[in-house]
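Shown next, in structure tokens, is the structure this report addresses.
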């Protein structure tokens, strides 16, 4: 068996990744394929946590700009992340991976409350843990959730699984054909250059807690496993190069 580079990871998925080609909603076949990819990594003995965005179902900022109360808009988005978490958990269970959903907002009928010690025990027992409802407070993104939960569970790396984007560039490669991809960056580089991998709160949390980020294209089958076993794909962000 290949020895994985990372023993404990947090995979950050965008909500749009669950929507497939439709771009909105949840495409069950797409989620099932992703579950198979995650299972491949789980079979290597890697401990896995997940944070999934909610942008396929709801976006708080545009709703607030249209006149909705921002706090209510953000809470609505948090519920969207729980919907995504439950669907992913079911798909993982169906491929034979024991999975738990923990939410930052209590909803005992559908998920466990987020309790760090319990999450760690689940990971140590080989269960996947999906963190839903953000951090339970408005104004904080699911990127910040990923960085915070990674620090709390002492993850070795955050895998930023991007939809059709194969790394970090100095400009938008879809708009600028001269854009150059970075293979490696420091967290300080990301912040000083204003590169939008995560929001600034999440980037600072990752830097302060010495957590590696790997940004890669999740649409390429097998890429999650390639990252975990240490193949050079995408862009790696760390404190030390």
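Here, residue 1 is simply the first one shown, and the rest follow in order.
Backbone N, Cα and C define each Cβ position, glycine as well.
UMP binds 74, 135, 136, 137, 138, 139, 140, 141, 142 as Swiss-Prot records it, and from the list 54, 96, 164 the residue named for this site is 54. The range from 20-25, 26-31, 32-37 that Swiss-Prot describes as region 'Involved in allosteric activation by GTP' is residues 20-25.
Surrounding the centroid of the Cβ atoms of 54, 74, 135, 136, 137, 138, 139, 140, 141, 142, where the record places UMP, the chain contributes additional residues within 8 Å, namely 77, 78, 134, 144, 145. The CA atom of residue 139 (UMP binding site) is located 24 Å away from the CA atom of residue 163 (ATP binding site). Residue 163 (ATP binding site) sits 14 Å from residue 54 (UMP binding site), taking the C-alpha atoms as the reference points. Residue pair residue 12 (ATP binding site) / residue 54 (UMP binding site) shows a Cα separation of 12 Å.
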